[in-house]
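Some notes on the structure that comes next.
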Amino acid sequence: MDQHQHLNKTAESASSEKKKTRRCNGFKMFLAALSFSYIAKALGGIIMKISITQIERRFDISSSLAGLIDGSFEIGNLLVIVFVSYFGSKLHRPKLIGIGCLLMGTGSILTSLPHFFMGYYRYSKETHINPSENSTSSLSTCLINQTLSFNGTSPEIVEKDCVKESGSHMWIYVFMGNMLRGIGETPIVPLGISYIDDFAKEGHSSLYLGSLNAIGMIGPVIGFALGSLFAKMYVDIGYVDLSTIRITPKDSRWVGAWWLGFLVSGLFSIISSIPFFFLPKNPNKPQKERKISLSLHVLKTNDDRNQTANLTNQGKNVTKNVTGFFQSLKSILTNPLYVIFLLLTLLQVSSFIGSFTYVFKYMEQQYGQSASHANFLLGIITIPTVATGMFLGGFIIKKFKLSLVGIAKFSFLTSMISFLFQLLYFPLICESKSVAGLTLTYDGNNSVASHVDVPLSYCNSECNCDESQWEPVCGNNGITYLSPCLAGCKSSSGIKKHTVFYNCSCVEVTGLQNRNYSAHLGECPRDNTCTRKFFIYVAIQVINSLFSATGGTTFILLTVKIVQPELKALAMGFQSMVIRTLGGILAPIYFGALIDKTCMKWSTNSCGAQGACRIYNSVFFGRVYLGLSIALRFPALVLYIVFIFAMKKKFQGKDTKASDNERKVMDEANLEFLNNGEHFVPSAGTDSKTCNLDMQDNAAAN
């Protein structure tokens, strides 16, 4: 009999160990799947940011409209965040995250689809690509007393071309795809973190969040690498003979294979969604047992948390909840500390989002860097410095055991240092390019403060040139001309990228003495002084990014500690909504609108409508781009000072040292900063349990 009991106990012990292993493995599988979803999410976000200039050129749109497309991600997120935050924890969280990843991937693929329906990219009005012949039309030169063929185009052909170019309205699909990506990303962070908080071993949540923080950095690494690679590839690669393309990646009309990045990120997101559909709602229960006792489990959970609603009083509870919501909202909005910190955070985030959206365009236009080179350099700069800064910020707060006021001072100090380094960008603004008819007169002697936009001169007045054409050539006098015709060039030799033009009358009038009045395709390169400024800019960017990331880890910690504990979820949710609406959506739009004001030459399509900008006034561009960022950050620093004095008054003499719980929030803050302002929603599920504790509870119940 004793032997029989011993065998039963041994079997029960083995069964218990097997269940324990299965349950722990379920949680580990969730962590692995969530890690892949974080990589996919970060990859998609980086791909959109580095492709925004390519999209602007491909669809022939302004920077402000491109900014609206970029902000559509936040629009999609705002559409469902309330539903996800409230109902998400009550439903099957892994499956919701899986659906989100699936939508995220679908949105990325939808973004790339217009490429397959728009036809071949025409970088010039004279570019007519015939895949069967693998050739392009010849460039126009100065034809005295003759009329160029494009001036004699029949209205029927013009109207036909206009209809074809109306395909540029397919940017709407890019807008919708990015918005769908925003909808899909919404559940990943809040539901993922709450799931970890519910089912991780006691005290291990911070470790898991820190690991997600580190793993999430793989996404930007892959994104910048792919962005740099695809930016080198011509947009219609695989469809046209690349030897017939006469522009290079440094040309302002160059469009890389932007669509490939979205295809890759979309497929990666879809693949990352698959594991979530096979994970249980509760990893602490086997799948069959969970299905049988689902209703009992829900009732038990609600009893444990004192949240069971009386079904007969649902109407009263809804009214009470609505009233309580508005009372809570009033409470945080009448909290001076919260309002001040909300405003300064909004200003700083708006400055960051606006400047980061157009930093690639800035490097291209200001320093003459190709999109591929800009993506590669920014990736090398951003990833290690941001990771180092985030770690350093958390280490300093923990090492010196900073009080809440001390954390606010630390945040202000890092913001001030970053602000001062940002001021150093202004001396690094390069002079505007020497472009005849835009920044200087055709004789090359009279520079003008703003572009003159007078393409015709006596040296090309008899050439019958198309004034709207943008086919830049660089004269051997160092001046860029809008086209070979407007340079007065009479003849040419060579083909495609290697074409050289001769007998250029407008080059001659500048007083060049060598009698070799020639020009070659493309804009004149930047001088050595501007190149040196670029490397200084990169060095300052490294330091600036380091201090920004070091102080950026404090935002969520300060937010949750300046309001009542029961209001911190609402405080973070409301802050996220305001920042997404006024920062994530609006900042790229008004940054882009002001950048558009610095454009010197716009493209025009066959319909005669304005398209994308071909060249900017470098000086004005730099002042607007940097000045707007400074204009947003300076009042934020003033508000920081007010915030610190107000905190001293409120917390003077109180012990506000960082607790273990605050250090947990710091890990979550690092995660939040890495993922560009994603939402953090505190746990709304069951209480945290370890696998061991859950087994003990079950044994006690039996």
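Each Cβ is built from the backbone N, Cα and C atoms, and glycine gets one as well.
The shown structure was predicted, so the numbers you read here are calculated from the model rather than taken from an experiment.
Features reported for this protein in Swiss-Prot:
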{"type": "TOPO_DOM", "residues": "1-28", "note": "topological domain 'Cytoplasmic'"}
{"type": "TRANSMEM", "residues": "29-48", "note": "transmembrane segment"}
{"type": "TOPO_DOM", "residues": "49-67", "note": "topological domain 'Extracellular'"}
{"type": "TRANSMEM", "residues": "68-88", "note": "transmembrane segment"}
{"type": "TOPO_DOM", "residues": "89-94", "note": "topological domain 'Cytoplasmic'"}
{"type": "TRANSMEM", "residues": "95-119", "note": "transmembrane segment"}
{"type": "TOPO_DOM", "residues": "120-168", "note": "topological domain 'Extracellular'"}
{"type": "CARBOHYD", "residues": "Asn134", "note": "N-linked glycosylation site"}
{"type": "CARBOHYD", "residues": "Asn145", "note": "N-linked glycosylation site"}
{"type": "CARBOHYD", "residues": "Asn151", "note": "N-linked glycosylation site"}
{"type": "TRANSMEM", "residues": "169-197", "note": "transmembrane segment"}
{"type": "TOPO_DOM", "residues": "198-216", "note": "topological domain 'Cytoplasmic'"}
{"type": "TRANSMEM", "residues": "217-237", "note": "transmembrane segment"}
{"type": "TOPO_DOM", "residues": "238-255", "note": "topological domain 'Extracellular'"}
{"type": "TRANSMEM", "residues": "256-280", "note": "transmembrane segment"}
{"type": "TOPO_DOM", "residues": "281-331", "note": "topological domain 'Cytoplasmic'"}
{"type": "MOD_RES", "residues": "Ser293", "note": "phosphoserine"}
{"type": "MOD_RES", "residues": "Ser295", "note": "phosphoserine"}
{"type": "TRANSMEM", "residues": "332-353", "note": "transmembrane segment"}
{"type": "TOPO_DOM", "residues": "354-373", "note": "topological domain 'Extracellular'"}
{"type": "TRANSMEM", "residues": "374-397", "note": "transmembrane segment"}
{"type": "TOPO_DOM", "residues": "398-401", "note": "topological domain 'Cytoplasmic'"}
{"type": "TRANSMEM", "residues": "402-425", "note": "transmembrane segment"}
{"type": "TOPO_DOM", "residues": "426-537", "note": "topological domain 'Extracellular'"}
{"type": "CARBOHYD", "residues": "Asn445", "note": "N-linked glycosylation site"}
{"type": "DOMAIN", "residues": "453-508", "note": "domain 'Kazal-like'"}
{"type": "DISULFID", "residues": "Cys459-Cys489", "note": "disulfide bond"}
{"type": "DISULFID", "residues": "Cys465-Cys485", "note": "disulfide bond"}
{"type": "DISULFID", "residues": "Cys474-Cys506", "note": "disulfide bond"}
{"type": "CARBOHYD", "residues": "Asn503", "note": "N-linked glycosylation site"}
{"type": "CARBOHYD", "residues": "Asn516", "note": "N-linked glycosylation site"}
{"type": "TRANSMEM", "residues": "538-560", "note": "transmembrane segment"}
{"type": "TRANSMEM", "residues": "570-595", "note": "transmembrane segment"}
{"type": "TOPO_DOM", "residues": "596-629", "note": "topological domain 'Extracellular'"}
{"type": "TRANSMEM", "residues": "630-647", "note": "transmembrane segment"}
{"type": "TOPO_DOM", "residues": "648-695", "note": "topological domain 'Cytoplasmic'"}
{"type": "MOD_RES", "residues": "Ser683", "note": "phosphoserine"}
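Taking the features listed in Swiss-Prot, we show where each one sits on the structure.
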residue	record	DSSP class
Cys459	disulfide bond	coil
Cys465	disulfide bond	coil
Cys474	disulfide bond	strand
Cys485	disulfide bond	coil
Asn503	N-linked glycosylation site	coil
Asn516	N-linked glycosylation site	coil
Note: vs the transmembrane segment (630-647), the recorded stretch with the largest number of Cβ pairs under 8 Å from 256-280, 332-353, 374-397, 402-425, 570-595 is 332-353
Tell me, which recorded positions from Cys459, Cys485, Asn503 are within 10 Å of Asn516 (N-linked glycosylation site) if we use the C-alpha atoms?
Asn503
In whole Å, how far is Cys474 (disulfide bond) from Asn503 (N-linked glycosylation site) when you measure between their Cα atoms?
13
Can you count the other CB atoms that lie within 10 A of the CB of Cys489 (disulfide bond)?
29
If you average per-residue pLDDT over the topological domain 'Extracellular' (426-537), what number do you get?
83
On the DSSP side of things, how many residues of the topological domain 'Cytoplasmic' (89-94) fall into helix, strand and coil, could you say?
4 helix, 0 strand, 2 coil
Looking only at the disulfide-bonded residues Cys465, Cys474, Cys506, Cys489 (disulfide bond) has its closest CA neighbour at Cys506
Out of these disulfide-bonded residues, Cys474, Cys485, which one has the fewest other C-beta atoms within 10 Å of its own C-beta?
Cys474
Assess whether the transmembrane segment (570-595) lies in contact with the transmembrane segment (68-88), where contact requires at least three Cβ pairs under 8 Å among residues 6 or more apart in sequence.
yes
